Amino acid sequence: MQKFFRRNFAGYAFLSPWLVGFFLLAIGPILASLYLSFTKYNVVRPPQWLGLDHYVYMFQYDQRFWKALQVTFQFVVISVPLKLIFALGVAMALDKGIRAIGWYRALFYLPSILGGSIAVAILWRQLFNYDGVINSILRLFGAEGPYWLADPKYSLWTLIVLAIWQFGSPMLIFLAGLRAIPQELYEAAEIDAAGPVKKFFAITVPLLAPVIFFNLVLQMIEAFKSFSGAFIISGGSGAPLDSLLFFTVYLYNEAFSFLRMGYASALAWVLLLIIALFTAIAFWTSKYWVHYENERG
Amino acid sequence: MQEFRLKKRVAGSLLATSILALSMAVLPNGAAAQDSDLQGEIRFSWWGGQVRNDKTDRIIQLFEGQHPNVSIVRENADWSPYWERLTIQSTGNNQPCAITMQTRWLATYARPDILMPLDELVENGTLDVSGIPEPVLNSARGADGNLYMIPHGVFYFALMYNEQMAQTAADAGVAPLDYPYTWDEFAEYLTAILPHLPEGAASVHNMGREQDAFVTWVQSHGEEVFDGSNVGFTKDVAVQWFEYWEALRTAGVTEPPEVMISDNSALIEESNIANNRGFMTNRPPNQLGSVQTTVDTVSPGTTIGITPYPVGPDGTVGMDIGANGIAIGASCDEARVPVAAEWINFWTQNEEAAGIYESDNGVVSIPALATAQAEDPDTQPTQVEHIELYQELIDTANPVFWPAGGYQALTDTLNRAYDAVAFGQLTPEQGADQLIADLQQQLSQAAR
C-alpha cells in the first residue's frame with residue numbers, strides 16, 4: 001500500500017485540487033441534500049426527521065409537482081428534437097465548404113455561449129413583450145401580436161424558441177461528425193443514382209448516429225435542468241397559470257421563496273432520478289439505432 | 001388564541017392611533033451622543049433600487065464622516081433576492097451586523113440565533129428609541145416578546161392614478177372620488193370614467209391577484225387575514241373579491257388576464273399607467289417620486305397622484321400598515337455591536353439623515369421628523385404627498401399580524417387562484433376554495 005502511494009503520489013498531488021473540490025463541494029452537498037430530503041428543514045431551524053413524508057406528499061397530493069413535471073416534459077419533448085434538427089440542418093449547410101466558415105461557426109455558436117445567461121433571458125423578455133421587437137415587426141405588416149409571455153397559450157413556445165436559438169453547441173458537434181463521414185460513400189451513392197434524401201437517410205444518419213445520440217443525451221439533460229429563461233420570463237413564479245412552471249423553477253421556489261429546503265431536496269432527487277431514467281432509456285434504445293464503425297457485425 | 005387576537009387588536013389600534021397623536025411631539029434631541037472613539041467595520045444590508053441606494057450611500061458617508069474610524073460595507077439587493085440572501089447568510093451564521101428588516105418578514109427571522117434581541121441595548125441606553133411611538137416599537141417584537149429591530153419607517157398602501165385623466169373625466173361631468181368611498185362607489189366611478197379615457201385604456205389595473213388590495217378588501221369587510229398561523233377570512237369574502245374583479249373585467253373596466261400579468265411584472269417605464277394605457281393602479285406610495293420621475297420621461301406632462309383604498313360597506317378601513325427597521329445580526333461580534341447600535345441611532349434619530357432619506361422606505365417612524373419633512377420646502381412634492389396622505393390615514397389603519405411565511409404564502413396562493421379564475425379555469429367559488437386550501441396548507445407547513 002505504502003509503495004502504491006509512493007508511486008502515485010505525484011498523480012494524486014496534481015489531482016488534489018479537483019479531488020478536494022469534488023468531495024467537499026460536490027459529494028458533500030449531494031449527500032447532505034439526500035439527508036435533508038427526509039427532513040423538514042426551513043434553514044433557520046434545525047432539520048427535523050420526517051422519513052418518507054415528502055416523497056409521499058409529492059406523489060400523492062402535490063398537484064403543482066405534477067404540473068411542473070408536465071411543463072418540463074412538454075418542453076423537453078418539443079424543444080430537444082427541434083433543436084437537434086435545426087442544429088443538424090445548419091451544420092449540413094456549413095459543411096459545404098463555403099467561404100469564411102470559421103466566422104459562420106463563431107457567429108452561430110455565439111447564442112450558445114450567451115444562452116444560459118440571465119442577460120439573454122432578459123433580452124428575450126424584451127423581445128417578446130407586448131411592446132417588444134417581435135410585435136413591433138408584426139405591426140409593420142398590419143398584424144397585432146399577442147401577449148407572448150403573459151398568455152399561457154404562447155408563453156412556453158417563447159422558451160422553446162429560445163432553446164432552439166441556442167443550437168450552436170450541438171451544431172458544432174454535428175459539423176465535426178459530418179466531416180468524419182468519408183466522401184467516397186456519397187460519391188458511390190451518386191454513381192448509383194441516389195438523390196439527396198436517399199443519401200441523407202442511407203449514409204448521413206446512420207454514420208452520424210453516434211453523434212446524434214451524444215447530442216440527444218446532452219441536450220435532453222440540459223433541457224430537464226433548464227431554469228434561467230423560465231425563471232426570468234415568469235418573474236420567478238411560473239406564471240401565467242403555471243405554464244412556465246419548470247421543475248427547476250418549482251424546486252427553486254420551494255427552496256428559496258418558501259424556505260422548504262427539505263422538500264426542495266426531495267424534488268432535486270426526484271429530478272436526478274428522472275434524468276437518470278431517461279438517460280438509461282436513451283442508452284438502452286441506442287443499441288437498436290446507433291452503430292459504431294468499429295463494431296463487428 | 002383569544003389572547004393573541006386581543007393582543008393583536010390592541011397593538012393594532014394603538015399603533016394606528018398613537019402615531020398621529022405623537023406627531024406634534026417635541027423633536028428628538030438629535031443623534032445620540034457621538035463617540036469619536038468609535039471604530040470598526042460593519043456590514044449593512046438593505047433592499048431597493050438606485051434612488052434608495054444613492055440616498056443610503058450619502059447617509060453612510062455622513063456617518064463615516066462623523067466617525068472617521070468606522071467603515072460600513074454596503075450590501076444592497078432587490079426585494080426578492082434580498083430575503084433569499086439573508087436566509088442563506090443566516091444559515092451560514094454570516095448575516096450582516098446591521099440588517100434592514102420588515103415587520104411582514106420578522107416572524108421568519110425573529111429568533112435569538114439569527115437576530116440579536118435588542119431590549120438590553122435599549123435599557124442601557126446604547127440604542128436610542130426616543131420619539132418612536134411605543135406601538136411602532138412593539139410591532140418590531142417577535143413571538144417570544146423580544147425586540148428584534150428598531151423601526152425607522154412606517155409603510156402603508158394606496159392607489160396611484162393619472163391626474164390628467166381624472167380631470168378630463170371631471171370636466172366631462174364625472175363626479176370625482178371623495179374619500180372615504182366604498183368599494184361599490186369605487187367600481188361605479190371606474191365604470192363612469194371609462195368612456196372618457198384614451199382609446200384602449202383601462203380604468204384600473206386588475207387587482208384580483210394583488211395581495212395588498214386583497215388584504216384591504218378582507219379587513220374592510222370586518223374579517224382578519226390571518227388567525228395566528230391559520231387562514232382568518234371566510235370563503236364568502238374571497239368569492240366576493242373574485243366576483244368583484246371579474247365583474248369589472250367582463251365590463252372592460254379592468255384589463256384581461258394576459259394584460260394583468262404583463263402589467264404586474266412590468267417595470268414602471270413599461271407599465272400601463274406610465275404609458276397612458278391605464279388610469280389607476282396599485283403601487284406602494286413611497287414609490288410615487290420614482291414613478292413620477294419615470295412618467296416625466298415616458299409621458300411628459302402626465303402627473304400621478306395617490307388616493308386611499310376604498311373602505312368597506314360600513315366604512316371600515318382595511319388598509320394594512322407595517323414598519324421597516326434595522327436589526328442586529330446574532331453573529332455580529334461584541335466589538336462591532338456598539339458600531340451597529342450607533343449606526344442604527346444615526347439612521348433613526350439624525351435629522352440630516354432623515355432629510356436625505358426623505359421617507360424613502362416608509363414614512364419616518366418619528367412623527368416629529370415626518371412633520372418636519374412634510375413642511376420642509378426642499379422635500380420633493382411627491383414625498384410631501386406621501387407623508388401627508390399617511391398622516392391622514394394612519395389613525396384608521398388596520399395593521400396585519402403576518403405569521404412566519406405568511407407574506408409569501410398569501411402572494412403565491414392569491415396569484416394562482418385569481419389567475420385561474422381570470423383565465424376561466426375556475427369559478428370564483430372554486431378559486432376561493434383553492435385559495436383557502438393552499439394558503440392554509442402553506443401556513444401550516446411554515447408553522448410546524
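Placement of Cβ uses the backbone N, Cα and C atoms for every residue, glycine included.
According to TrEMBL, the features are:
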{"type": "DOMAIN", "residues": "A:69-282", "note": "domain 'ABC transmembrane type-1'"}
{"type": "TRANSMEM", "residues": "A:12-36", "note": "transmembrane segment"}
{"type": "TRANSMEM", "residues": "A:71-94", "note": "transmembrane segment"}
{"type": "TRANSMEM", "residues": "A:106-124", "note": "transmembrane segment"}
{"type": "TRANSMEM", "residues": "A:154-178", "note": "transmembrane segment"}
{"type": "TRANSMEM", "residues": "A:199-221", "note": "transmembrane segment"}
{"type": "TRANSMEM", "residues": "A:227-252", "note": "transmembrane segment"}
{"type": "TRANSMEM", "residues": "A:264-284", "note": "transmembrane segment"}
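Simply put, out of A:12-36, A:106-124, A:154-178, A:12-36 has the most Cβ pairs sitting under 8 Å from the transmembrane segment (A:264-284). Recorded stretches compared: A:154-178, A:199-221, A:227-252; the one with the most Cβ pairs under 8 Å to the transmembrane segment (A:106-124) is A:154-178. Listed stretches A:12-36, A:71-94, A:154-178, A:199-221 were compared with the transmembrane segment (A:227-252); the greatest number of C-beta pairs under 8 angstroms is found for A:154-178.
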